[in-house]
Amino acid sequence: MSGRGKQGGKARAKAKSRSSRAGLQFPVGRVHRLLRKGNYAERVGAGAPVYLAAVLEYLTAEILELAGNAARDNKKTRIIPRHLQLAIRNDEELNKLLGKVTIAQGGVLPNIQAVLLPKKTDSHKAKSK
């Protein structure tokens with residue numbers, strides 16, 4: 001026998017994605033490819049795409065959590081751009097991060113300046129006179 005073939009060799013382990021190794025939903029491999037193709041640097045370390053994917057996943061989860069709360073407050077089961085807008089603009093840190101971002105179909109925050117509100121008069125004094 002010449003020793004060819006796979007009779008005695010170890011079976012190769014099932015391939016495991018870098019996303020699953022890191023416990024992430026966002027694609028680490030795709031982020032790595034985009035970092036390489038984007039001409040951000042000549043070389044990209046192995047940890048950089050994992051870290052960036054984790055940050056993106058966290059920010060997405062945070063925004064979706066707040067948008068889901070906004071949708072529930074409006075008695076809706078589907079998140080629409082309006083809910084994203086309300087979630088981002090009502091959160092101080094997200095509003096600072098995404099301050100220059102325009103969300104299509106997002107609308108504006110409801111805001112009436114105090115000067116424009118009707119003056120509060122004492123209705124009890126007016127009725128007694």
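Glycine is treated like the rest: Cβ placed from N, Cα and C.
Among the features that Swiss-Prot reports, compositional bias 'Basic residues' is placed at 7-19. Per Swiss-Prot, the feature ubiquitin cross-link maps to LYS14, LYS16, LYS120. The N-acetylserine annotation in Swiss-Prot covers SER2. Feature annotation from Swiss-Prot assigns N6-acetyllysine to LYS6; the stated evidence is similarity to another entry. Marked as N6-(2-hydroxyisobutyryl)lysine by Swiss-Prot on the basis of similarity to another entry: LYS6, LYS10, LYS37, LYS75, LYS76, LYS96 (among others). If you look up Swiss-Prot, you'll see LYS10 marked as N6-lactoyllysine. If you look up Swiss-Prot, you'll see LYS100, LYS120 (among others) marked as N6-glutaryllysine. What Swiss-Prot records for GLN105 is N5-methylglutamine, and it gives similarity to another entry as the kind of evidence. Swiss-Prot lists 1-22 with the feature region 'Disordered'.
All features noted in Swiss-Prot, drawn onto the structure.
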{"residue": "LYS10", "record": "N6-(2-hydroxyisobutyryl)lysine", "contacts (Cβ under 8 Å, 6+ apart)": "none"}
{"residue": "LYS14", "record": "ubiquitin cross-link", "contacts (Cβ under 8 Å, 6+ apart)": "none"}
{"residue": "LYS16", "record": "ubiquitin cross-link", "contacts (Cβ under 8 Å, 6+ apart)": "none"}
{"residue": "LYS37", "record": "N6-(2-hydroxyisobutyryl)lysine", "contacts (Cβ under 8 Å, 6+ apart)": "none"}
{"residue": "LYS75", "record": "N6-(2-hydroxyisobutyryl)lysine", "contacts (Cβ under 8 Å, 6+ apart)": "none"}
{"residue": "LYS76", "record": "N6-(2-hydroxyisobutyryl)lysine", "contacts (Cβ under 8 Å, 6+ apart)": "HIS83"}
{"residue": "LYS96", "record": "N6-(2-hydroxyisobutyryl)lysine", "contacts (Cβ under 8 Å, 6+ apart)": "none"}
{"residue": "LYS100", "record": "N6-glutaryllysine", "contacts (Cβ under 8 Å, 6+ apart)": "none"}
{"residue": "GLN105", "record": "N5-methylglutamine", "contacts (Cβ under 8 Å, 6+ apart)": "ILE80, PRO81, ARG82"}
{"residue": "LYS120", "record": "ubiquitin cross-link", "contacts (Cβ under 8 Å, 6+ apart)": "none"}
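In terms of DSSP secondary structure, the compositional bias 'Basic residues' (7-19) contains 2 helix, 0 strand, 11 coil.
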